[in-house]
Amino acid sequence: MSNPLHVNEDKKQGRFNLNKDFIDKYGDLTLLFFIMISVFAIMAIINPNVFLSQGMMLSIANQFPILGLLTLAMMFAMVSGGIDLSVVSTANLSAIMASIIMVQYIPADASAGVTTLYILLSIVCALLVGCVAGLFNGILVSVVGIPAIIVTLGTMQLYMGIALVLTKGKSIVGLPTIVSEVGAGTLFGIPFPLIIFIMFVIFSYFVLNLRDYGLKLQMTGSNPTASKFSGINVTSITIKAYVISGLLAAVAGLLMTAATNAAKADFGTTYLLQAILVAVMGGVNPYGGRGKVAGVVMAVITMQILSSGLGMLQVSNFFKDFMWGTVLIIVLLANLFYNKKISKLS
Amino acid sequence: MKRILKTNEFYITIVLVLLIFYIGSQNSTFFSINNWFDLIRSGIVPGIFVIGTLLVLISGGIDVSFPAIAAFSMYTTTSIITSLDFDVPVIFAFVIGALIGLFLGFINSIFIAFLKLPTLIVTLGTASIYSGFLLTFIDDGQITRLPEAMTNLSKTRIFEITTDYGTIGIPVVFLITVAIAVLGWFLLKYTMIGRSIYALGGDEVSAERMGISSVKIKVFVYCFVGTLAGIAGVIHTIMTRNSNASDLLGGELLIIAAVVLGGARITGGHGTIYGSLIALLLILIIQNSLILLGIPSYWQRFVIGALILIGTGLSAIQVKRSLEKRNPIMTE
Amino acid sequence: MEPLIEMKEISKNFGGVKALENVNLTIYPGEVHCLAGENGCGKSTLIKVLSGVHTPDHGEIFINKKRYKRLHTQESIQEGIQVIYQDFSVFPNLTVKENLAMGYEMSNNKKLVNWKLFEKIAKQALETIDVDIDINEKVENLSVADKQLIAIARSLLFNARLIVMDEPTTALTDKEVQSLFNVISNLKRKGISILFVSHKLEEIFTIAERATILRNGKNVTEQLISELDTNQLIYHMTGREIKETTYESEFNENQKPLLKLKNFGLKYMFADVNLEIYPGDIVGVTGTLGSGRTELAEAIFGIAASDSGTMEINGEEAKIKNPRQAVKRKIVYVPEDRLTKGLILEQSIERNIIISTVENLLKKFRLISDNKVKNSVDYWIKNLGIVAKFPKRNVSVLSGGNQQKVVLSKWLASEPDILILNSPTVGVDIGSKEEIHEVIKEQARKGMGVILISDDIPELKQNCNKIVTMDKGKVISIDHISEYAMSR
Ligand SMILES: Nc1ncnc2c1ncn2[C@@H]1O[C@H](COP(=O)(O)OP(=O)(O)O)[C@@H](O)[C@H]1O
Ligand SMILES: [Mg+2]
């Protein structure tokens, strides 16, 4: 390194690369952040009176947690290198379990305390059902070795099938009033669903981005063979990802029940595709191995702002579909060109 | 012979035959002409979808946009023909429908073949775009009055029989499904393009090295699927005598499930027309005839889900086993 | 004579790997030309540029004086270039007859499949190399050798002007190799050129007339084979004289073995392996592809667990069923295929280094401690001399040597007792190769037991104190290095 020219060159390259390091790490998130802010600003400018009203903010805050949780569920499966098409079926099945307990087992003359106890029990049951559903997916994927898309395509039918059999195809109504009261309630002015969502965002962030499990999951998702050759227990890591996915889906199912005061086998089926779209928009790699909770959260908020904002402009739901698809394709293209640029730089 | 015993097609056929005889023995209405005509009728449109989906799966991709393409073509075709103030022969409807499907399939292939984006995500996106566009910018997706030529075709039936319940028959459009199945079979078995699709699905790198252009093949596959979906859309509107987009949307996953059950692999390179059609028939029988056994219809999904998992699970285990024995070093 | 093929100044990079740098290659009609060089020197890459699989970053190709900046695969085939790829490039999901006949029929611009004709073509192709394989079997059910034979037979069908054979004998028996050489002589007589790629010296001397030698992606020399002898050839390929340095364990023999295998075996793969590894041992294992050496290593590491015999670790009987148990028992393995098994290419250098030790780098609540990670990564980058300024970048940007050092540091960080290395210096530049050898020897001197699997006999001679030779799933000899040197 005695050649001064050499040192110079190195330095230049160094500075350049430092920026690149930042882009590598936060580039996609910054972009998402600006998109989120701009969408918000555009909506606020178009119709500030309606959009910035408390009612609108509340309705946004009430709506996106369900999709948000389902997207987080999808994210775990996708980071593991698979996909979970059964999230909505799992959500409904769990909600139905809880509802059956609440409707059939709570004695008519139960006191408030007893009712609460039963509700807690039903919640635990729902979460258990979600975990078991995920466990079954995970075993079929990583032990039996069926491709994830096929497994969850099958269990999507199977879980919805079980839900249909349990309910004979009808919806379950007549839940204790406290359920919808809590569902519509607030704590310190924050809507209850949003609180739950924030809790599970923090949970997901810990699990996926801070703890050793998350690192191993990402490695497994990128390359299961090399991960196995690195001493990672690929089977158990993958199964856990599906269990977490099932758990998050179950929470989403409970929120759906709280929001509608009912449970049905085929509620919310449109959420499935939306969850995949939002996950990809949020930077989850469809080939596995990469995903950031922050990205998913921003993507789901952006889509909800867009969707509510367009609702305010009274466009049809179909236009929203059109827009979802368009945004997804644009995101895919943007990623493509962004990655091409990055690889040209190196 | 030993090879046949190992195939999914073989097992599915056995299950199908057993199921047919079991249902038939429990309830003789199952073997009635009426029931079989119903089954065939319900398989006309899915039958076309299955052929298209099979091609995509063999090539190593997946397409969930075909119902949206069908709905789009169905609606647009009827609109165009209705808006013409002169009568056109019905073949025109099929040509227009096919062209619209071809165009939408080509759009898919731009993203998939040229830009090499993941097929599932792309077609999820384009499916939203096609159906959203249709329902927003064109109309609510419903036309209740069909052009005359199409109505006439809808009344034409083959194998008309008079029974106690009245005259029944199979819609003549069934012949189109048959023709497409034969075309698909010929394409896959006897053309270089068909074999190239298998080669591409088996090993894309090797295919490229052999001089197969993966871009061309993929463009062909997605355009072909689009065209089939376009035709299926027109058939659907002719059979139901109206154009209701929401009838078609949402059926894609079950079609894919049928093709996989029939022996196609999501990883590409495997699958036959026979297997896919036989698996479709199995699913249709479960959907239409389980009720004859006194099993309530809400069991359908459960049975279909279980069937998919058992079918693919068994073949996954089989593949694992044969992998273990593969390439032995020692000869004993 | 006018050259048939002239490749000029070809360069090609993969991420941080400079696979080819200004390489030239000239082939004349009717000659058997050998492209020689160590593993990873860029031979296959050069061939793929010629066949249109890779676009060169720089350089030009002349075929019969026609100039190409880049070739498409179809163009290359139409120019009469046929390639037997090192990885065979066959279709596992198709039958033997289709694998054989399809490309040929496509090059004849056929649009339809005539299955009868396919059969005829396939039979004829197999006859030319005199082998008998069921043409209706799916290729995925064939042995490695049969796949290689199919790749060979397929290329012979064409009316080619040049047939490129990229290590075509790796899985073949001596008899099959002999019949391949007969075929090559026949082709030569017909005026067809052969580009024969190999790093096996006997084969080069038997069959080739002229050789182009590459080292580290660069031309070294182009010479007539008759003007070369073995030592010169080795010198050109490796860039060094065969040094007579050897490795001796500094530990005395009375110690307990770290690892002891008794009648160790795995059905269909290998059997009755008896082997003891002592502290300080570097045990070389050699044998052809398909000798069972990789399977043995993978069984010790638990990838496909052994099903007969016993294994003792530090005198205690142990069963290892998966890699995790192996790592717990302080046995680690550097696989042969760095790009798909050793590294996770889509992830960062940092993550690839800490992956096996992340459990030691946690703070409260099992959160990953950024500080500990940074310290560990910095330590290993410095300790092994990995040239990686930005550890958060993808590991794919590194050169082959640095990539291999990342794999090594992943395992050294876990402080193993037994280190198994499978062809660790393939695709590694000479500088890094020697550094890696030094690291291995240093670890052994500290008391680690090392198993070093390699094709490269000089590498084994210089670094091992014992050499195990395997063939067809059996250990046929275990020699101390001094005896081994004499027996050859
Ligand atoms: N597709 C690829 N991506 C990244 N690196 C590659 C690729 N192909 C080859 N290399 C690297 O290029 C170098 C030369 O490889 P190769 O041409 O296969 O060597 P050889 O055939 O002489 O053994 C090696 O370091 C190898 O790891
Ligand atoms: Mg090579």
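Cβ from N, Cα, C; glycine included.
Taken from TrEMBL, the feature transmembrane segment covers A:31-52 (among others). Cβ atoms under 8 Å from those of the transmembrane segment (A:31-52) belong to residues 281-283, 295, 298-299, 301-302, 305-306, 308-309, 312-313, 334 of the same chain, restricted to positions at least 6 beyond its ends.
According to TrEMBL, the feature transmembrane segment maps to A:64-83 (among others).
What TrEMBL records for A:118-140 (among others) is transmembrane segment.
According to TrEMBL, the transmembrane segment annotation covers A:146-166 (among others). Sequence-distant contacts of the transmembrane segment (A:146-166) (same chain, six or more residues past either end, CB-CB distance under 8 Å): 77, 80-86, 88-90, 92-93, 96-97, 100, 133, 136-137, 140, 265-266, 272.
What TrEMBL lists as transmembrane segment is A:187-208 (among others).
Under the heading transmembrane segment, TrEMBL lists A:239-259 (among others).
Residues or ranges marked as transmembrane segment by TrEMBL: A:271-288 (among others).
For A:294-315 (among others), the entry in TrEMBL reads transmembrane segment.
Taken from TrEMBL, the feature transmembrane segment applies to A:322-338 (among others). Same-chain residues lying 6 or more positions outside the transmembrane segment (A:322-338) and placing a CB less than 8 Å from one of its CB atoms are 27-28, 31, 274, 277, 280-281, 303, 306, 310.
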Legend entry - Considering the transmembrane segment (A:239-259), which listed stretch of A:64-83, A:118-140, A:187-208, A:271-288, A:294-315 counts the most C-beta pairs under 8 Å: A:118-140
Inset, instruction - Spell out yes or no: are there three or more C-beta pairs under 8 angstroms between the transmembrane segment (A:271-288) and the transmembrane segment (A:64-83), with each pair 6 or more apart in sequence? - result: yes
Legend entry - Intrachain residues whose Cβ lies under 8 Å of the transmembrane segment (A:64-83), provided they are six or more past its termini: 90-91, 137, 141, 147-149, 151-152, 193-194, 196-197, 200-201, 204, 208, 217-218, 220-222, 224, 237-238, 241-242, 244-249, 251-252, 255-256, 259, 268, 271-272, 274-276, 278-279, 282, 284-291, 293, 296-297, 299-301, 303-304
